[in-house]
Amino acid sequence: MANTTAAAPAGAAPQEGTRRDFLFLATGAGLAVGAGAVAWPFVSSMAPDAATIAAGAPIEVDLSPISDGQIINVFWRGKLIFVRKLTGKEITDMKAVPLADLADKATFDSRVKSGHDQWLVVYGNCTHLGCVPIGHQGNYEGWACPCHGSQFDAVGRVRRGPAPINLPIPPYAFQSDTKLRIGEEGGKAAA
Amino acid sequence: MRATSLIAAALTAALIGLSPASLSPAAAEDGHGSQPPRQSWSYAGVFGRFDQAQLQRGFQVYKEVCSACHSMRLVSFRNLAEEGGPGYSAAQVKALAATYQVKDGPNDSGEMFERPGRPADRFPAPFPNDQAAAAANGGKAPPDFSVLAKARTFERGFPWFVFDALPFTGYSEQGVDYIHALLVGYEDPPKGTEVPDGTHYNQYFPGHLIAMPKPISDGQVTYPKNDKGESVVPETVDQYAKDVAAFMAWAAEPHMMARKALGLRVILFLIVLSGLLYYVKKKIWADVGGEVHGLQPELHKTY
Amino acid sequence: MSAHGNTYVPKSGIAKWFESRLPLVGLVHSSFVAFPVPRNLNYFWTFGAILIAFLGIQIITGVWLAMHYQPSATEAFDSVEHIMRDVNYGWLLRYAHANGASMFFVAVYVHIFRNLYYGSYKAPREVLYILGVVIYLLMMATAFLGYTLPWGQMSFWGATVITNILAAIPVVGDTIQSLLWGGYSVGNPTVNRFFSLHFLLPWMIAGVVVLHVWALHVTGQNNPAGIPIKSSKDAVPFTPYATVKDVFATVVFMILFAWFIFYQPNYLGHADNYIPANPAVTPAHIVPEWYFLPFYAILRAVPSKLGGVILMFSAVIILALAPWLDTSRVRSSNYRPIYRQFFWVFVGVCFLLGWLGAKPPEGGYVIAAQICTAYYFAHFLIVMPLCGLFETPTKLPGSILESVTGPGKQVSGAGMPAGAAAAPTTKG
């Protein structure tokens, strides 16, 4: 690296020194810009590649074989998603939970799509540190995480334990009453 | 001093000169194909760019003719819509992919099933595996097209290989030249050449006897017409060969245009930076009475 | 070399605290800042810096490629193409790594021939030089292992041919071969372990490079005049003088590198390596990468398998013996009128061997390769010892400074600061 602090030769005109400083600065800036530009491809190459992105296209789930109260696992973009068919009792119970009891306040209606009250679709990893909560366990008709004791209710809202927020909802839409498309909402693909 | 260097240079030259001319075995012509003639490609050279219309025509030739036997297993439908390629729209690619049936599975009952293709799918292969491809083609599987344009070349020999590496005279399109030449190189064997069953005489194929029969003939593929209903390019084997070779060049090197564009910027940047550094160095060395110049200044001094 | 004592004086309290516990900054300072550099070094001396740059480039691009590469016989070829097609800038990383290897060898060959021309291998730099030969050997092993990883036809058959070379070693050859293969032929275990070794060796190179620089630190640099630094006027401090020159030369060399990456990325490779490995078909012309061609020519010059292998390894080992084979006390060929001519003939013979290595082993090519091989060894075994005995060197300059300015002239400005404690960038 050019030693930009090198003093101008004694006795040289001040103008000479200025020109020299400018040259050193410009070169130093050029080297810095070059180094930065070289770093970019390395960083960029670590992002999801084109094949991974293309493989993350929306998936379709057939709901017809799922019975009341059943939870199935599906994968989209390598992430676990729970699809749960709520029973009538669970729907009634969940609607009755007062918002004040919730750490991350969310109404029943905000957890399902209107007109499809029976169907809950949530990501299947605990919002604490990513373990998979076990279904139909805990005190809230929902999930209990075996790692650190977080509990979720039947619509995936956190009710107890270290988990900070409810189980998130992936983008999805109903193609028909028995067909779900995960990864696309309102005709727009997820980013 | 200069005289002694000259002697050394002459000795070296004599040693080098000895072998290619007088020692090399009889011309390597027989047993090998003749040299494919050089074509003019839009994407050759520093400023080379793919011709989108040509890539689309080339894809059409591949789809309608070559793909009956040749796979292209590393290329996906989505690639056709990516930047620097044939320039199809995402919707066109989606529609095109859906016309293919792709094997997927296993499903929940453990069975493989067929479904319409998606842009993320690779081009489906004409044969389920290499053995099937070989069995259906007289014992030799037709080569996959994905990187074939980079996997084929021919030797130009000394000193041409030096010029091929240099700026301005540089050339790296030997692979597509060969592919083009091969497609137009089918001809009647010279008198006295025996062509065994299952082989065909080709002027440019190494050894001349190729398993692939002449794959395409004039007028076989109908290209899209322009607004006035006229042909844009002739529908001849020569043109088909150029188009499909260009398409294969893109398939083998889909980021070629990005590479060349980035290269120009990088090299210009480096030239400017080295210019700046040269003056920085000169200024710094001025403090100690200037730097030694030239590679061998001592040789020009006597003590 | 009294002029490069540890002149680093820590200024801040933290720096003093650290320096008294681990004198790391002082070490770097004395090796790369205050280190006295002969003032007459020409551009051939910048290739050490260029080589360090390429070691860095190869290690970094290699680590990044390893994030995407799959070392298995079924996946390797496709994963390389995945890098080329789908990974962001993957084509850049791969082409930089592949061409970086070639540029690394270009630079190392300039470095080696510079060393041979200026007699840098002679006392007191024998250990420095032998460490260099060790680095070269490690580079060859690393390059060979790396070339097998794309698992194309040349990868596969290169691996086959080279492992068969090792099988020629008496008694233990077959065992070495099967240990390398991990099977009964070159296959999946081979590519997997070659990947592991290809990842390991560069770190060993980096370790030996540290020793190489350490040894350089002890003996100081040779120079075109081949005479030692006698006064502070003969030398300049490494920083900024050598640093700025090295950076300049490295950036210029990067232009060549960039040309190959962006415009001739496959020129130095083989088209056959874009055909997936096929154990049933050998490519028509099986040749190694260009940087191995001279040794390949030597290997094939002898009709006996074992003989060829011995000769090929001897061609590298004999390099390490140069300090004792050369009987001349004058280092630089600039002052050796006879040897200088033999040197250039030797360079020509090396190029010729490279050219012959790419030719089929038949007819005149074999005879030419035999003549060149004989000359290659004769250069070390006959020319080096005899030239030193019979040649009359021309008069050497009185000092490095004199070699720059001519006799009796003065140069404006000073060289190294006279006092060891003075800051190196101020004028003395």
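Here, residue 1 is simply the first one shown, and the rest follow in order.
Using N, Cα and C of the backbone, Cβ positions are placed for all residues, glycine too.
Nobody curates TrEMBL annotations by hand; they come from automatic prediction.
Keep in mind that what you see is a predicted model, and the values were worked out from it rather than measured.
The feature domain 'Cytochrome b/b6 N-terminal region profile' is assigned by TrEMBL to C:14-225.
Positions annotated as transmembrane segment by TrEMBL: C:43-67 (among others). Long-range Cβ contacts of the transmembrane segment (C:43-67) within its own chain (Cβ-Cβ under 8 Å, at least 6 residues beyond either end) map to 83, 93-94, 96-97, 100-101, 103-104, 107-108, 110-111, 114, 118, 146, 195, 198-199, 202-203, 205-206, 209, 221, 223, 245-250, 253.
For the transmembrane segment (C:92-112), same-chain residues at least 6 beyond its ends with a Cβ under 8 Å from one of its own Cβ atoms are 44, 47-48, 50-51, 54-55, 57-58, 61-62, 64-65, 80, 83-84, 132, 136, 139, 143, 146-147, 253, 256-257, 260-262, 265, 268-269, 289-291, 319. Taken from TrEMBL, the feature transmembrane segment covers C:92-112 (among others).
The feature heme b b562 binding site is assigned by TrEMBL to C:HIS97, C:HIS198. Mapped onto three states, the DSSP output places C:HIS97 (heme b b562 binding site) in helix. The Cβ of C:HIS97 (heme b b562 binding site) lies under 8 Å from the Cβ of C:GLN58, C:THR61, C:GLY62, C:LEU65, C:GLY146, each of these being in the same chain and 6 or more residues away along the sequence.
If you look up TrEMBL, you'll see C:HIS111, C:HIS212 marked as heme b b566 binding site. Other C-beta atoms found within 10 angstroms of the C-beta of C:HIS111 (heme b b566 binding site) number 21, with every protein chain shown included.
Taken from TrEMBL, the feature transmembrane segment applies to C:127-149 (among others).
Annotation source TrEMBL lists transmembrane segment at C:156-180 (among others).
Annotated transmembrane segment per TrEMBL: C:200-220 (among others), in sequence order.
According to its DSSP assignment, C:HIS217 (ubiquinone binding site) is helical. Under the heading ubiquinone binding site, TrEMBL lists C:HIS217.
Confidence annotation: the domain 'Cytochrome b/b6 C-terminal region profile' (C:228-398) carries a mean pLDDT of 94 in the model. Annotated domain 'Cytochrome b/b6 C-terminal region profile' per TrEMBL: C:228-398, in sequence order.
Taken from TrEMBL, the feature transmembrane segment applies to C:241-262 (among others). Remote same-chain residues near the transmembrane segment (C:241-262) are listed as 32, 35, 37, 39, 41, 43, 46-50, 53, 92, 95-96, 99-100, 102-103, 106-107, 268 (criterion: CB distance under 8 Å, separation of at least six residues from the stretch ends).
Among the features that TrEMBL reports, transmembrane segment is placed at C:306-325 (among others). Sequence-distant neighbours of the transmembrane segment (C:306-325) (same chain, 6+ residues past either end, Cβ-Cβ under 8 Å): 112, 116, 121-123, 125-126, 129-130, 133, 136-137, 140, 165-166, 168-170, 294-296, 298-300, 373, 376-377, 380-381, 384-385.
The transmembrane segment annotation in TrEMBL covers C:337-358 (among others).
For C:364-390 (among others), the entry in TrEMBL reads transmembrane segment. Within the same chain, residues 297-298, 300-302, 311, 314-315, 318-319, 321-322, 325-329, 336, 338-339, 342, 345-346, 349-350, 352-353, 356-357 sit at least 6 positions outside the transmembrane segment (C:364-390) and bring their C-beta atoms closer than 8 Å to a C-beta of that stretch.
Annotation source TrEMBL lists region 'Disordered' at C:409-428.
The compositional bias 'Low complexity' annotation in TrEMBL covers C:413-428.
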### Message
Between C:HIS217 (ubiquinone binding site) and C:HIS111 (heme b b566 binding site), how many Å separate their Cα atoms?
### Response
17
### Positions on the same chain near the transmembrane segment (C:337-358), where near means CB under 8 A and six or more residues out
113, 116-117, 287-288, 290, 292-298, 300, 328, 365, 368-369, 372-373, 375-376, 379, 383, 387-388, 390-391, 393-394
### Task
Please determine which of the binding-site residues listed here (C:HIS212, C:HIS217) has the lowest count of neighbouring CB atoms within 10 Å.
C:HIS217
### Message
Counting across all protein chains present, how many other Cβ atoms fall within 10 Å of the Cβ of C:HIS198 (heme b b562 binding site)?
### Response
22
#### Entry: Per DSSP, three-state class assigned to C:HIS111 (heme b b566 binding site)
helix
### Task
State the three-class DSSP label for C:HIS198 (heme b b562 binding site), counting H, G and I as helix, E and B as strand, and everything else as coil.
helix
## Note on the structure
What DSSP gives for C:HIS212 (heme b b566 binding site), in three states, is helix
### Message
Between C:HIS111 (heme b b566 binding site) and C:HIS198 (heme b b562 binding site), how many Å separate their Cα atoms?
### Response
23
